[in-house]
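Peer 1: Quick one: the structure is below, and I'll ask about it shortly.
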Amino acid sequence: MDTAGIRLTPKEIVSKLNEYIVGQNDAKRKVAIALRNRYRRSLLDEESKQEISPKNILMIGPTGVGKTEIARRMAKVVGAPFIKVEATKFTEVGYVGRDVESMVRDLVDVSVRLVKAQKKSLVQDEATAKANEKLVKLLVPSMKKKASQTNNPLESLFGGAIPNFGQNNEDEEEPPTEEIKTKRSEIKRQLEEGKLEKEKVRIKVEQDPGALGMLGTNQNQQMQEMMNQLMPKKKVEREVAVETARKILADSYADELIDQESANQEALELAEQMGIIFIDEIDKVATNNHNSGQDVSRQGVQRDILPILEGSVIQTKYGTVNTEHMLFIGAGAFHVSKPSDLIPELQGRFPIRVELDSLSVEDFVRILTEPKLSLIKQYEALLQTEEVTVNFTDEAITRLAEIAYQVNQDTDNIGARRLHTILEKMLEDLSFEAPSMPNAVVDITPQYVDDKLKSISTNKDLSAFIL
């Protein structure tokens with residue numbers, strides 16, 4: 001697996017995160033150092049490697065300030081498998097809900113997809129060539145061979161009445177005639193020139209055996225997956241366009257061209273050495289009243305999570321995986337509880353603490369304009385597809401930021417997510433009318449913003465429901 005991104009210096013990682021995330025420099029620095037330490041560990045001898053584990057991170061801050069986005073972008077920068085889970089979805093072993101080991105199995109699934117996608121990209125040209133050959137044969141088929149019933153050694157005992165069920169000649173063809181060869185040559189040329197992309201062709205695709213009803217509980221999920229793998233995959237015929245058929249066939253051939261066992265082993269190692277698990281809402285399982293029944297259950301979840309953070313061997317459908325060197329990032333607002341309300345053993349497993357700042361008006365302005373594909377740029381691009389040009393003035397952007405900040409103060413503080421609701425509401429009429437106003441130019445000014453939002457933003461009751 002190509003993990004060139006892990007060789008980035010902390011400054012380079014922070015620089016890449018700055019392309020997408022505004023502010024929160026302390027959090028960016030700490031995750032960048034954690035990533036760099038992984039690279040440093042990879043350069044050590046085997047004995048030293050085993051002694052050094054990642055320093056897990058606890059992010060503390062209100063919703064919408066960038067906790068998840070920092071972790072997600074960080075994983076993307078280095079090509080590491082990443083999953084986000086919510087601590088509240090887990091329950092103690094023996095209760096209804098997801099068991100904590102499922103987060104590791106989910107991470108391995110992500111890792112397998114990453115590794116196989118990269119390996120498939122290396123054989124893509126060969127797989128596409130095979131797919132094109134198959135398409136030519138499908139578009140200009142030869143005569144099918146008749147099923148052979150003459151070579152069964154038992155037929156002489158039964159007067160030739162026993163057909164040979166052991167052979168399936170369904171897909172075998174007679175040798176192509178000269179006429180068919182000529183037609184195929186012409187079709188191949190047209191395929192290469194892209195002239196047949198919209199033509200329809202019938203192909204056989206594997207049908208997912210589906211879930212087994214009797215194994216629907218989470219505890220039996222792995223058993224269900226194993227059963228699905230053992231069950232024969234039924235093939236069904238579909239009529240699709242040539243361009244779609246090529247993708248389906250190429251993907252199937254790419255699967256055949258890569259070594260599945262080797263890919264699975266590589267994925268397990270990648271998950272072990274580079275995996276990142278983001279545990280959100282960890283504050284919701286913190287306990288500040290140790291007498292209530294609910295808090296006893298929350299403590300149980302914490303104690304179930306603890307062995308995975310300390311290092312456990314988890315069985316997955318691809319093999320066993322050790323969690324000792326995975327990086328865990330816990331996150332929560334900690335409005336009601338405090339990090340010290342977590343059980344002491346779990347607190348000790350998150351040695352790096354970082355507090356994320358609440359967002360100011362200036363932060364909102366930067367979020368609207370600075371990232372690589374900021375919200376303003378996204379809406380401009382979407383409306384441009386309808387040939388409607390939208391221009392936001394600097395004053396209008398500042399006004400939007402002020403309204404978002406004020407609504408957060410007056411109602412629930414949902415951080416940068418408030419900008420999505422504000423922009424959607426402000427541009428609702430324009431988005432609806434855009435198809436009927438081609439070549440229009442719309443200037444978004446402070447007056448435009450106030451006309452669309454002021455009556456709502458100044459009414460706290462309306463803000464709570466609409467924005």
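Note: Cβ is positioned from N, Cα and C throughout, glycine not excepted.
Keep in mind that this is a model prediction, so the values were computed, not measured.
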Peer 1: Of the residues Val22, Val112, Val236, only one is listed by Swiss-Prot in the ATP site with Gly64, Val65, Gly66, Lys67, Thr68, Glu69, Asp280, Glu345, Arg417. Which is it?
Peer 2: Val22
Peer 1: Among the binding-site residues Val22, Val65, whose Cβ has the fewest other Cβ atoms within 10 Å?
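Peer 2: Val22, out of the binding-site residues Val22, Val65, has the fewest neighbouring Cβ atoms within 10 Å.
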Peer 1: So if I measure Cβ to Cβ from Glu69 (ATP binding site) and keep only same-chain residues at least 6 apart in sequence, which ones fall under 8 Å?
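Peer 2: Non-local contacts for Glu69 (ATP binding site): Tyr20, Ile21.
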Peer 1: Please report the number of other Cβ atoms within 10 Å of the Cβ of Glu345 (ATP binding site).
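Peer 2: Step by step: centre on the Cβ of Glu345 (ATP binding site), count other Cβ atoms within 10 Å, giving 13.
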